[in-house]
Each structure stands twice: as structure tokens, then as C-alpha cells.
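A.B. asks: The structure is given below, and queries will be raised subsequently.
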């Protein structure tokens, strides 16, 4: 069915609850829990389940009832999606909650969203903290340096996906290799070990990772050689879909100096991407840089004489503007009222400056950025952006913050 240009009554929002109990749940997701007509969920701990059930304004439904030990998981996924869709078709504003990020290794969420959009309903996904995010934090990894390759373990095997020995490699669901139902006995795990040994050798290190869920839980970070993965006592510890393998780089990649020249990077300014802190699990051919080399020491020595640039913009807004923007960001129902009639909403807010009112009535992020920040010089002079400058901000304002890149 072709998508409708006018969404029907009823909507579907899919959100993630994160991995660690409640700690990873976003304010946006909490707002949706409190406002949805019906909430469907799959979570991995009773505390998150209790929070959902106690904060939802409407009925809640545990989608895990559609799992069964001998039941094909894809059948369960289709049923989970259809149950949510049926509620949307009834005209309900439906929230589907999935642990972790709702779009990463989650089939029913994508299926339900696609069908809802195809049938003309409003549908969107809200992000959540994934197991990958959790692992990057716990292991101290940056996927940008030296790059990252991720595969689901079974798909990695059946499609003969390549590992990259010069990047981070992540294998998901290593505790359920070849499993299509809910019986995670992992009898095919040896096939995964065979493949890893073939590609990287028996002595390369692998980190078995499982992020902590409950406050009383402990994160698992166990390091083994690939050969040690064959030990029965190790195999017993890798037996659920929560188990993830981090496979560190073995080698350092060569630099394409021809491309460096084509990119126009001056040779005298170019140096290798810094690799600090060193990767404690990497192979012997993977190089790293010291914490305080010549360039780092020079950067530190400049701190004593650092002067804030004239172009730096600091937060500068009325208390009313700060409050209304925080409220709009954390209260979905309030934002809907704002969008329904911006002029009336803004006029009812006390304490806004006239320019802040104009920006809020425009309803664009660019205009809001412009009235909520200013250089120190403009603040001292009492200079504000003009209406014309706010109009120029009607388009989406792109903010780019580079924290990891080739150093030039």
C-alpha cells in the first residue's frame, strides 16, 4: 500500500531502554512512557519492567510472551510487530520499548515501523544506549580509530564475512551461534572458534564482554586467546545472546601517501593519527603513541597562555527561555501544544525577551541557537541578532564538533 501524505489517527513510537537498569533510559523515552495510550515492551530486568508499568498512563504488555523454547524466533518477531500494529490500527498512540538500542539487533521494531509508515501512520524511532555503546565505554575504545567492523556471529559465518586485522572487530550474539529458537545451548560455538583461528591464529586475544544490567551486577570483561575459547569451562561462560566478542586489531594499516597528497594535506604538517591510549589487547604489530610526545608537550605548555577566542559563543538567554526549551525537550505533550499553536503558546510564557518570542514562533533550530548564545563582546555591547539574522537561521543549523580526526 502506498504511504499516505496525511497520517491516520494512531501512531507508533519505538524507543530503547538501554542496557543498564534505568540508568541508560533517556528523558525522551520516559516522556513517551508517561503519554502513550499503550506500551509494549521487551526488557531484560524486573526493575525496568516495574518502572514501565508504574509510569505508563495506559495498559502495558510484555512482548516476551511470544517467545517459546522450540519456537522459531522469526515467527515471534512477526507476531510482536503485528500486535503493536493492531493497536495502532485501532487508533492508539503506541509505544514499543526494546532493551538496548531499539534498532540494533531488533527485528520487530523495524518491521512494525516500516509497515506503519506504509499504511500511512505516523511512526518514528528514538535511540537508546546499545550494548556496543556500553562496550566502547567500558573497554575505552573509539570506533573512529582505527575503524570498526561489526557482525552478528551466525551471519558472519554463513556469509563468510571478512575480519579486518587492522581495525576493531565486534561479533554479536556469540553465545547463540546458529540458534534460531530460544534454546541457547550454543553447540555450534566451535565453528566460530575455527573461523577465528583460521583468520587470526590461536594466540590472538579476544575479549568476552557482557555489560552489567542491575546495580548489583558486574560487567564481564574476560580476555582469552582464541585457543582458550575451546576450553569447556570457557564455553560455559559464553552461553547467552548477551555475550559479545571484541577482537582487537592485530596490525597497523599503512598510510596511502598518494591520497594524503591528493587531499592537499601539507607534508610538513601531516603525521599519523595518534593512537593513545594504547590498546592493551592489540597484537604485536599494532603501534601506539606515547601520552606525552613532543607535540603533546607543546600543547600542554600553551595552556598557561590560553585566551578564549573572540568568536567563542557562550550560553546567553533569559531564565524563561532556558526553562521553556528544557521543558519542550523533555515533555512530549507540551511540545505538541507548542507545535499546534506556536503564537498562542509563546505569548503565554512570561519573562521571554521579544527576540526570544520571535525565535520560538519561527520554530526552527537555527533561530533558537542564535538567541541562546552570544560572544562576550556582543554581550557587553548589548548586541542582539537582527530579525533578518534569525530569518537566515530558519534552515537547519549544522554543528560539527571534531574530536577525533587525522591531525594536521
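Even glycines carry a Cβ here, placed using N, Cα and C.
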A.B. asks: Which of 79, 173, 280 shares the S-adenosyl-L-methionine site with 99, 101, 104, 131, 211, 242, 244 per Swiss-Prot?
C.D. replies: 173
A.B. asks: Annotation N-methylisoleucine in Swiss-Prot: match it to one of 179, 402, please.
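C.D. replies: Among 179, 402, the one Swiss-Prot marks as N-methylisoleucine is 402.
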A.B. asks: Run through 83, 401 and tell me the one Swiss-Prot describes as N-methylvaline.
C.D. replies: 401
A.B. asks: Whose Cβ, among the active-site residues 73, 77, 99, has more other Cβ atoms within 10 Å than any of the rest?
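C.D. replies: Counting Cβ neighbours within 10 Å, the top one is 99.
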A.B. asks: Apart from its near flanks, which chain residues at least 6 from the ends of the region 'Precursor leader' (371-385) lie with a Cβ under 8 angstroms of it?
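C.D. replies: Non-local partners: 308, 310-317, 321-322, 325, 353, 355-356, 358-359, 393.
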A.B. asks: Averaged over the whole of the region 'Precursor leader' (371-385), what is the pLDDT?
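C.D. replies: PLDDT averaged over the stretch: 94.
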A.B. asks: Can you tell me how far the Cα of residue 73 (active site) sits from the Cα of residue 99 (active site), in Å?
C.D. replies: 17
A.B. asks: Measuring Cα to Cα, how many angstrom lie between residue 77 (active site) and residue 99 (active site)?
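C.D. replies: Cα of residue 77 (active site) to Cα of residue 99 (active site) measures 15 Å after rounding.
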A.B. asks: Counting each residue once, how many in the region 'Precursor leader' (371-385) are helix, strand and coil under DSSP?
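C.D. replies: Per DSSP, the residues of the region 'Precursor leader' (371-385) fall into 7 helix, 3 strand, 5 coil.
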